[in-house]
Structures are given as C-alpha cells and as structure tokens.
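I am attaching a structure below and will ask some questions about it afterwards.
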C-alpha cells in the first residue's frame, strides 16, 4: 500500500491534505470545497501572470536584438561610405597625376603667368602649382616665400606642377625637357612614372660641394653627351645639398665617357663618379634578392653560405649535449 503525502505548512497544507483525503473519502464539507476552489483560482492567476511576464520579456529581447542589428548595419554602411569616398579620392588623384607634368630647376623669379604662356601651346591647362621653395627663414611659410620672393641664399631654383585637362597633352609637353630659361636647364617629366628608371643611362656623382647648382653639373658633363635630367639631392628645410646627385643621359654610350670624369675637381672637391645602381633592386630586402638569384639559376653565389652553415652545424654537433661535473672540471683545467 502506498502512503499519502502529508504537507506541514499551515492552513494551505491542511487544505492540500484534505484534498488528498477527499480523493479517498467521498464526503467533504462545503467550507473545505470553497477554500480549495479559491486556492486553485489563486494558482491559475499566478500562472497567467508568469506567462504574461515571459511573453513581455521575450518581446523586449527581440526589440533589443533588432536595435543591435540596426546599429551594426549603420556602422557597416558608414564604413562602406568611408571606403567608397577614399577609393573615389584615390581614383581622382591617380587620374589627375596622369594629366600632370613635373617641371624642375626653374628660376626662382618664375611666375605662373609665364608658365601658362610656355605650356598653353601643348593643350588646355587646368592648374599650375609652384613647389619646392625654401624660405629665407624657417618661420616664414613656403607660400609667403613664393609671393614675396624671399628664398634661402643657398638655393636658386624652384619646381612646379602643370595639370592639363587631357593626358595626351602631357606627352607633347615633354618636348620642353632640357630647354633653357634664364640660364637654368629645366627638367620636364611625368608626375607618375609607369616605367621603371633606366639605370643603364644614369651615373651617380658623389663628394659634391654642399652649395652646388644643377647647371654646374650640366656644364661639367655636357661634353659626354646629351643630358636628359640632373638631380641634386637636397635637404627639404634648408635646400642645402647632401653631397651627391644623379645624372641621366639620353644614350648609354655617354655613361662610359662620364666615368672618365672621376676625380674631376668641382669647387675644390674631387668628384666620385660611378654607375647608378638599380633602385628597384636595391630597395628589396636581402631574402627576396637571394630567392630571385636562386630562381634565376645563380646557385654558385649561395654555395659559400651553405659551406659556412655546414661548418657551424658540425661544430655544434661536436659539443656535448649534457655537461656534468667532470666536463666542467676539464674546462677549468
């Protein structure tokens, strides 16, 4: 026989106990029945309230998820907008650079009106900018120095950028490269180089005087052949030369004649003239260059490195892996 459960919690326990006994005894009082009905009603009301609370919480959670998803979508849209604007700017700049011509070694007294007259024969000009000015004092802005014509005493040239409305006009404007303006041989070149620099037609000139002009190098090396461009590397703030530069000829044969100018004196200094190295190859790290040499079939250059590594590994193998007390004593002796 199974025993009936008995609860000990006051009046409610008594009602439940009576309910369990009611199942067994068919006769119950009316008062107990009323109490049982009330108790059941209270339980049903509480259960209904719990169901309403759960549904309300679930709805709020869904709304929060929707708000979070909306925030994420807004962030993604903002990021995509920024990326689009950056891409559009890059495309515009690249397209503008293709229509731009760099003009170097201009006299400092040059004006924008003069440059417009000079380049308008090649096509319609969109804008002209003067750059590379070195002010007389560091506090003076470069724009003010261009307007007031107060430049540093160590410099006598300035650069400019001419933007055409069509990229086809850029090729026509390159005809002015090497032309002379007030004793300055100007350099006209593309702002964007699609082709790598040809080092076979260039020379490196070292041990230059710090105060040197590009035209002095023109006069020194013009006997070797037609010069395409002269570049003296300078400090951006002071405009003083760093002691070296590069000269590009129109022909490779001129390089051989220019090398004979080694130890030629310029302003009391012996020039150091050598062939210009390929900048693209020099900028690469050593590992990339070694891999490229190995792929090209230059395996002989890597043989000494392998022999050195083999000797190091051989020495490391001779050393004992475990050094006990006897090994330490022998080392001391």
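Backbone N, Cα and C atoms are what each Cβ position is placed from, and that goes for glycine too.
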Given 28-60, 61-93, which one carries TrEMBL's region 'Disordered' label?
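Based on what TrEMBL states, region 'Disordered' spans 61-93.
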Going by DSSP assignments with H, G and I as helix and E and B as strand, what are the residue counts for the domain 'RRM' (99-193)?
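Taking each residue of the domain 'RRM' (99-193) in turn, the totals are 24 helix, 33 strand, 38 coil.
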